[in-house]
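What follows is one structure encoded as structure tokens, with my remarks underneath.
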Amino acid sequence: MFEGLKETLDRFKDDVEEQAESVDAETEADTDVDTVEEKRDQDQKREDPAPPDRDPSEDPETVEEDDREVSVGFGKRAKAFATGGVIIQPEHLDEPLETLELSLLSSDVEMGVAEEILAGIRENLEGTVRAQVQSTDMVLESALKEALFDVISVGQFDFDQHVAETDKPLVMVFTGVNGVGKTTTIAKLARYFERHGYSAVLANGDTYRAGANEQLREHADALDKKFIAHEQGGDPTAVLYDAVEYARANDVDIVLGDTAGRLHTSNDLMAQLEKIDRVVDPDMTLFVDEAVAGQDAVQRASEFNDAAEIDGAILTKADADPQGGAAISIAHVTGKPILFLGVGQEYDDLERFDPEQITDRLLEGDVEDR
Ligand SMILES: Nc1nc2c(ncn2[C@@H]2O[C@H](COP(=O)(O)OP(=O)(O)O)[C@@H](O)[C@H]2O)c(=O)[nH]1
Ligand SMILES: [Mg+2]
């Protein structure tokens with residue numbers, strides 16, 4: 001999964017290294033040079049080593065300080081040279097960042113998110129290079145990692161701890177358009193919660209679609225969970241209300257409430273979600289969408305969040321998504337975290353979304369194997 005994004009990031013690292021090398025070669029005659037030999041030559045030729053804000057003729061100590069500064073700079077460069085690194089200058093980044101932006105956009109990363117990542121990389125790189133010398137690859141790696149982590153980790157909280165600390169029954173309602181994997185995700189979460197020692201009841205608030213009851217009932221049977229439903233065309237709020245009552249009476253920890261997947265622009269749906277909010281007052285409303293929908297998923301996440309505030313998102317079909325743009329963008333755009341990734345059609349194909357692990361995977365991990 002996300003191979004496209006991983007390739008994009010790999011290419012960026014190569015581009016910067018290449019730029020740093022070729023710009024060095026071009027600037028041989030410049031005063032600002034980057035290799036040990038050039039530095040030595042330049043030091044001998046240099047007539048005025050003082051930075052513009054100082055006047056060495058007025059203060060002899062300053063001259064000494066300046067000499068020391070130059071030699072520290074020289075040490076850094078020598079070390080960079082010895083470790084096979086090249087000092088990265090701001091101008092090394094211009095072209096690679098431009099290429100990176102285009103690649104991010106074509107990997108379905110949302111525009112504002114791409115810009116944030118670029119600004120983060122530039123800031124991290126310019127800061128880091130001045131502070132210490134590492135190999136170019138390490139410098140780039142950590143700059144990318146930090147910039148990505150910053151946009152991916154927006155809004156993250158400890159989901160398991162939140163579940164543990166919330167009064168039971170904890171009510172979760174799932175929204176999102178039709179076909180993205182809401183019902184499947186509810187079944188997967190029932191399994192997830194069982195693993196964590198919680199009981200769950202599955203409630204079908206999708207009273208709109210024919211066959212919705214049967215689909216969720218089959219999952220409930222397979223997972224040995226209580227299933228609550230009304231007839232097709234009934235009031236979804238009433239179904240969820242019944243499920244909460246059942247959970248209270250039977251000490252069930254978690255209510256997982258499905259809803260109909262109609263267009264987020266539909267007033268009906270929004271009125272429905274509002275009524276659910278008012279009557280059932282869910283602890284969490286989770287937005288479900290498919291990673292493969294890319295920019296569309298990002299757009300819908302934002303619209304759903306505007307219409308009926310969500311607490312987090314679940315991104316399904318990540319196993320089939322070569323791009324990764326939605327996974328990178330949704331949290332930043334909505335301000336709400338991605339909590340889980342769906343990675344297949346089996347009940348166990350659900351992973352906690354761990355921003356650190358995702359960034360590691362994108363930058364180091366062998367994503368093809370995941
Ligand atoms: N590959 C893959 N398929 C999934 C995943 N989650 C759901 N699906 C499939 O997506 C289709 C629609 O799922 P469903 O739960 O009915 O969507 P809903 O209409 O939102 O309730 C089904 O065929 C699921 O098996 C996932 O994480 N990976
Ligand atoms: Mg469904």
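Glycine too: its Cβ is placed from the backbone N, Cα and C atoms.
Sequence annotations record features per position, and here TrEMBL assigns compositional bias 'Basic and acidic residues' to 1-14, 36-57. According to TrEMBL, the feature region 'Disordered' maps to 1-71. Look at TrEMBL and you will find 15-35, 58-68 tagged as compositional bias 'Acidic residues'. What TrEMBL lists as GTP binding site is 176-183, 258-262, 316-319. Positions annotated as domain 'SRP54-type proteins GTP-binding' by TrEMBL: 337-350.
Long-range Cβ contacts of the domain 'SRP54-type proteins GTP-binding' (337-350) within its own chain (Cβ-Cβ under 8 Å, at least 6 residues beyond either end) map to 1, 152-157, 159, 181, 184-185, 187-189, 191-192, 222-223, 286, 290-291, 312-319, 327, 330-331.
LYS182 (GTP binding site) falls within a helical segment according to DSSP.
For the domain 'SRP54-type proteins GTP-binding' (337-350), residue counts in helix, strand and coil come to 0 helix, 6 strand, 8 coil, using DSSP.
Note on GLY176 (GTP binding site): other Cβ atoms within 10 Å of its Cβ, all shown chains, come to 25.
Taking a Cβ cut-off of under 6 Å from any atom of ligand 1, the binding-site residues GLY179, LYS182, THR259 reduce to GLY179, LYS182. In this structure, LYS182 are the binding-site residues from GLY176, GLY179, LYS182, THR259, ALA318 whose C-beta falls under 6 Å of some atom of ligand 2. Looking only at other Cβ atoms within 10 Å, the busiest spot among the binding-site residues GLY179, THR259 turns out to be THR259. Listed in sequence order, MET1, PHE2, ALA291, ALA327, LEU341, GLY342, VAL343 are the same-chain residues six or more apart from ALA318 (GTP binding site) with CB atoms under 8 A from its CB. A 10 Å cutoff on Cβ-Cβ distances gives LYS182 (GTP binding site) a total of 25 other Cβ atoms nearby, all chains included. Reduced to three states, the DSSP call for GLY176 (GTP binding site) is coil.
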